[in-house]
Amino acid sequence: MSAHACECYIPTCFCNLIADACRHLPVILLFVIPGVSHHACEESWEEIQSKKTIRAENEVEANKLVNNYRFGFRKWKSHVTERPFADRSEVVKELYSELNVIKPHAGQLFTCGNVLYVFLFGWWVSLAYFLVGILMFITIIGVPYCKLCWKLGCYFLWPFGNSIHKVQFVFNVGILSPLLVVQRRFSTYVWLLLGYPLLVVVHSLACFISWILVFTIPVSKMNAQTLGVILLQAPEDVSISSSSQRKVNRRFSTLLCCYHAANWYYYKYTVDGINVFAVNLLPLVIVALVIGYIDRENQYASSDVKFAIAIGSIIPLSYYIGMGIASISAQSNFAVGAVVNATFGSITELTFYITALLKGHREANPCLQEVVKAALTGTLLGCILFIPGICMIIGGLKHSEQRFNSRCTGVSSALLFISVGGVFAPTLFSKAYGNLVCDACTNSTGGNGTSNSSGPFVCHNCHYDLNNGTLFHNHVQPLVYTVSALLPVAYIIGLIFTLKTHSHIYDIHVGEGQVTGHHGTVVHWSRWRSLVILIMATVLTSACADLATEHVQPILNQPNISQYFIGVTVLAMVPEIPEIVNGIQFALQNNISLSLEVGGCIAVQVCMLQIPILVLFNAFWDVGFVLLFSDQHLWASIFSVILVNYIFMDGKSDYFQGTALVVVYLILLALYYFAPSPASC
């Protein structure tokens, strides 16, 4: 590569210095982002080294990365296009391979996964075949299928290394007597009426269990192949052989051949672009809606169970919402991507918060307002401390030390300072000018707080009285509206900074591989399909959030757990589980910059978009939401922002720094766990 070619992504003042090194670098293709030579001398050599090259296979993926990385929106999802199967690693190819290929070298068959298969599936599937075989033997006419069942019973007890074939016999139709034809036909009818339905139940159950366990998906494939193909063959056409006994004197085609019952890498398995864990959690949505809206009297499930299922169902729905956002953004222009991200980026959390506030207003229960504030603070703390911390730990254990663009992180840190300062400004203002009022004060001598009493006083339920006088209506409330108007403006200015005036800080290079553009690229979801799924997932999220808030009260009434703790943990972090998974995946790929952006973008959105939207909603529909936080929320958030900015200063990360962030997060959780419940609860 020439020095001139190097200019498209390395500052000019360094090009001559490292021209020789550039010859050994892979060819880099740049999408959308122009050259940055006029900013060249502003960046140090360490910052250039810290820039990561993000590779994409086609222009659609590149567009998705540009939208995500430069917008600063929070939904980071996997590929929105189908990756060429030939370009995948051998490990991934093994995940999607059919179980009908005989391998010359199967490797070790006596593995922990295979032994576990015998105890989880093999013995009872084999027993079912022997029982069905006895049933077919009793019918006399079903004896051929009896023999097939006994052979398959032995096979499914330990199928590894053995194979099932379809024997290709060549019959002369003329030599088959009519009686033999009729006998075969009746035996098939008996099999389809008596034997096959029983085995359908057995294999369906084994298929379901092994699919839910994810890592045993090969067992699910094996049962599905048996149910759909093997059991529908004529019994004389099915042959079973071991790895050491291959039929060589007959022509045959392999129907089933399995070597391993489990594979650790199935956590990467996707169905139509959606991770298998999100697919497996989707039935929770149906269960939540059925038991939530049908069993109103809690006859079949308690409120605790309904709440847990409703909260759990939000996890796959948030993943589908994120996938829909990423798909539409990747296939649309800049403006459409911005609108979709801004509209649906926080829809999961806002749906839950607004539903809880409406329920608290209807039932005159101010405790739900405190729970919403705790959830907002918990999301902020989790995204500032836990998500970057766990990503640093996992990424540091694999890559020792990881680097990220400190200038890029500096912009996010500045936005965090502005966000936290703006959100907690009304709280600081109320503490500076509000009157401290206590419900009851007594002294050690038993006095009631009069002037004649002496000794130290003990006061209970002290708080700042804002309703006394005109402080709240004339001073605090206007400040809340002012802050809520300024925070989105600061967010927009941050976007202009990253998108226009200083876009060189966020250069994204899409490299290595032939870029195909939109033509020849197979997208998982089209724009219209993504929009339909996005709307459906949003509606279902609203329904599940309504169920969660309806059944949250028994959880809040737990005497040993503070409502603060429930808000900052369960209600705050459960919807963010898909983002935590995505951040960890980026860290494992040595893209720690993206891992840090995941948490930072969510935290900024909480302060600069979600909270102003809640204030705006309260202005039009008074649900009693006041932007005043407790002392715990205030100081925990401020301390967390200061700490994370100190950690990010050097542009390097390792597992020790990540451990520090996670430990601080756990300390704050312990503080909330042992804290007294809010006065309104």
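Note: Cβ is positioned from N, Cα and C throughout, glycine not excepted.
Features reported for this protein in TrEMBL:
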DOMAIN    112-162  domain 'Inner membrane component'
TRANSMEM  115-143  transmembrane segment
TRANSMEM  189-214  transmembrane segment
TRANSMEM  274-295  transmembrane segment
TRANSMEM  307-328  transmembrane segment
DOMAIN    307-420  domain 'Sodium/calcium exchanger membrane region'
TRANSMEM  374-397  transmembrane segment
TRANSMEM  409-429  transmembrane segment
TRANSMEM  479-499  transmembrane segment
DOMAIN    530-672  domain 'Sodium/calcium exchanger membrane region'
TRANSMEM  594-620  transmembrane segment
TRANSMEM  632-648  transmembrane segment
TRANSMEM  655-675  transmembrane segment
Three-state composition of the domain 'Inner membrane component' (112-162), taking helix and strand from DSSP: 42 helix, 1 strand, 8 coil
Positions whose Cβ lies under 8 angstroms from the transmembrane segment (409-429), at least six residues beyond its ends: 72, 380, 384, 475-476, 479-480, 483, 486-487, 490-491, 494, 497-498, 505, 593, 596-597, 600-601, 603-604, 606-608, 611, 627-629, 633-634, 637-638, 641, 644-645, 648, 651
The domain 'Sodium/calcium exchanger membrane region' (530-672) - residue tally per DSSP class, helix then strand then coil: 115 helix, 2 strand, 26 coil
The domain 'Sodium/calcium exchanger membrane region' (307-420): DSSP-derived helix, strand, coil residue counts: 100 helix, 2 strand, 12 coil
